[in-house]
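Colleague: If you scroll down you'll find the structure; I have some questions about it.
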Amino acid sequence: ARAAARHYADQRIKVAKPVVEMDGDEMTRIIWQFIKEKLILPHVDVQLKYFDLGLPNRDQTNDQVTIDSALATQKYSVAVKCATITPDEARVEEFKLKKMWKSPNGTIRNILGGTVFREPIICKNIPRLVPGWTKPITIGRHAHGDQYKATDFVVDRAGTFKIVFTPKDGSSAKQWEVYNFPAGGVGMGMYNTDESISGFAHSCFQYAIQKKWPLYMSTKNTILKAYDGRFKDIFQEIFEKHYKTDFDKYKIWYEHRLIDDMVAQVLKSSGGFVWACKNYDGDVQSDILAQGFGSLGLMTSVLVCPDGKTIEAEAAHGTVTRHYREHQKGRPTSTNPIASIFAWTRGLEHRGKLDGNQDLIRFAQTLEKVCVETVESGAMTKDLAGCIHGLSNVKLNEHFLNTSDFLDTIKSNLDRALGRQ
C-alpha cells in the first residue's frame, strides 16, 4: 500500500509556481476544503500561499489578511478565492466584530485593479429562461466611477446648477450650466478617468483573446456624446494599436454597440461572446444574464487585470448561509459546489498557461468536463434539480443528491476520467 501511495504521489502534476488561496466563510468554506483535499491536491502538486479570509480572521487581523492576499496575488499572478461574508449590522452582532469590515472583493479589486468577468457554466439538461443561449455569454463590468462615485443632491428651491472644472495648471476655469431650476428637483455630477477606461479596455481585449470569442462594448454615445464617446474612442484606439492583429489571427472581432441595440441582440443571440459594459449597465445586465442562464450556482467570476497576466477566480455566489445553518444543526444539505470547483479550475488553467504546463491545463479542463457531464448524466444538487422539475416536486436521492454524495460522485468520475481507478 505504501508503494502504491508513493507511486500515486509521483503521478501528481508538478506546478512550478505558487497559487494564492483565499479561504472563505460558512457553507462554501466547508465545500472549499473538500474540493481542495479530494479533487485538487490528490492530482496536483502545487504550492498554495494560504490566506484565511474567513470573517473571524479578517476581524482578528483588522482586515490586513485581505490586503496581504491581494499583494500576494500581485506577486504570484494567480489566486483562487472562496466566497466570503461582507458584514452588515446583523453580522457585526453575530461575530462580535470590532467594526463593519468592507467587502473583501472590493478591497482586492481596489489593489489589483482589473475587471470582473462573470461566465455561466452550461449543462444541456438544465433549462434556461432564454433557451437560445446555448453558448456562454460573459459580461465584463467596468467597476469604477460613473453613478457609483457620483455626487448627487436634492434641490429644494429655484436656482442654477453649474459644473465647474478648475485646471491644476492655473489656467482659467471652465464652467457649464446644467440646468436652471424653476423649483425643487435633483442633480448629479459624475466622472471617469482615461486611465481606468484604458485598464478596462485592456482587460476586456485580453479576456476575449484568452477565450477566443468576439468582444462587444456597449454605451449610449448618441446621447452622452462626450462622456460615452470617450469610452468608445479609447476602446477603438487601444484595439487598433494593440489587439487587432491577434483578433484577426483568431478570426474574432471587436465592435462598439449602442446599449439598446446590444440588449436586443443579446436576447436573440446563441451566445459565445464577451460583452464589455459600463459600471451601471454591467451591474444590471449581469443579473439578467445569471437568471437567463438558470442558476447562480453555475456562475463563475474571474477578476482579470489589465496586464492580462494577473487573475483571481471565484464563484459568483455568496456563502450559502441558509444551508450553513442546517449544517450547523447536523443536517445534510444539498449545496451546489460547481462554481467553487470552477474557481479552482480557472485559476489552475491560468497558472498552466503562464507556466506552459499542458498537463495542468488538461487536468483543469478535465475536471470542468467531469462536473458538466456528471450533471448531464442526472446526478445533481437540489438547486439544479429544481430548475428541471420545480423545487416543490424534487425528492432526495430520486432527483438530487446531498452535498457530500454529489462531491463523491464527482470525485469518482474524475478519478475515472484521469484513469486513476
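All positions are counted from 1 along the displayed chain.
Every residue gets a Cβ built from N, Cα and C, even glycine.
Straight from Swiss-Prot, here's the annotation block:
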| type | residues | note |
| --- | --- | --- |
| TRANSIT | 1-8 | transit peptide |
| MOD_RES | Lys14 | N6-acetyllysine |
| MOD_RES | Lys17 | N6-acetyllysine |
| MOD_RES | Lys36 | N6-acetyllysine |
| MOD_RES | Lys49 | N6-succinyllysine |
| MOD_RES | Lys75 | N6-succinyllysine |
| BINDING | Thr84, Ile85, Thr86, Arg91, Lys268, Gly318, Thr319, Val320, Thr321, Arg322, His323, Asn336 | NADP(+) binding site |
| BINDING | Thr86, Ser103, Pro104, Asn105, Gly106, Thr107, Ile108, Arg109, Arg118, Arg141 | D-threo-isocitrate binding site |
| MOD_RES | Lys135 | N6-succinyllysine |
| SITE | Tyr148 | site 'Critical for catalysis' |
| MOD_RES | Lys149 | N6-succinyllysine |
| MOD_RES | Lys168 | N6-acetyllysine |
| SITE | Lys220 | site 'Critical for catalysis' |
| MOD_RES | Lys244 | N6-acetyllysine |
| BINDING | Asp260, Asp283 | Mn(2+) binding site |
| MOD_RES | Lys353 | N6-acetyllysine |
| MOD_RES | Lys369 | N6-acetyllysine |
| MOD_RES | Lys411 | N6-acetyllysine |
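Give me the lay of the land around each of these features.
Modeller: The Cβ neighbour count for Lys14 (N6-acetyllysine), using a 10 Å radius over every protein chain in view, is 12. When secondary structure is read from DSSP and collapsed to three states, Lys14 (N6-acetyllysine) falls in the strand class.
Lys17 (N6-acetyllysine) has a Cβ environment of 13 other Cβ atoms inside 10 Å.
Counting every protein chain shown, 20 other Cβ atoms lie within 10 Å of the Cβ of Lys36 (N6-acetyllysine).
For Lys49 (N6-succinyllysine), the same-chain residues 6+ apart in sequence whose C-beta sits under 8 angstroms from its C-beta are Pro18, Val19, Val20, Glu21, Ala72, Tyr76.
Following the DSSP three-state reduction, the secondary structure of Lys75 (N6-succinyllysine) is helix. Sequence-distant contacts of Lys75 (N6-succinyllysine), defined as residues of its own chain at least six apart whose C-beta falls under 8 angstroms from its C-beta, are absent.
Residue environment of Lys268 (NADP(+) binding site) contains 8 other Cβ atoms, counted within 10 Å of its Cβ in all protein chains. In the three-state DSSP scheme, Lys268 (NADP(+) binding site) falls into the helix class.
Neighbour density for Arg118 (D-threo-isocitrate binding site): within 10 A of its CB lie 23 other CB atoms from the protein chains shown.
Cβ neighbours within 10 Å of Lys135 (N6-succinyllysine), excluding its own Cβ and spanning all shown chains: 13. In the three-state DSSP scheme, Lys135 (N6-succinyllysine) is classed as coil.
Under DSSP, Tyr148 (site 'Critical for catalysis') is assigned to a helix (H, G or I) in the three-state scheme.
Cβ neighbour count for Lys149 (N6-succinyllysine): 11 (other Cβ atoms within 10 Å of its Cβ, all protein chains included).
Annotation for Lys168 (N6-acetyllysine): no same-chain Cβ neighbours under 8 Å separated by at least 6 residues are found.
For Lys220 (site 'Critical for catalysis'), the number of other Cβ atoms no farther than 10 Å from its own Cβ, over all displayed protein chains, is 15.
Under 8 Å, Cβ to Cβ, and six or more positions away along its own chain, Lys244 (N6-acetyllysine) finds no residue.
Taking a C-beta cut-off of under 8 Å and a sequence gap of six or more, Asp260 (Mn(2+) binding site) has these contacts in its own chain: Lys220. In the three-state DSSP scheme, Asp260 (Mn(2+) binding site) is classed as helix.
In the three-state DSSP scheme, Lys353 (N6-acetyllysine) is classed as helix. Counting every protein chain shown, 17 other Cβ atoms lie within 10 Å of the Cβ of Lys353 (N6-acetyllysine).
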Colleague: In whole Å, how far is Lys268 (NADP(+) binding site) from Lys353 (N6-acetyllysine) when you measure between their Cα atoms?
Modeller: 33
Colleague: Cα distance, Thr86 (NADP(+) binding site) to Pro104 (D-threo-isocitrate binding site), nearest Å?
Modeller: 7
Colleague: If we check Cα distances from Arg118 (D-threo-isocitrate binding site), which of the recorded positions Lys14, Lys149, Asp283, Thr319 wins as closest?
Modeller: Asp283
Colleague: Let's check the environment of Lys411 (N6-acetyllysine): how many other CB atoms sit within 10 Å of its CB?
Modeller: 16
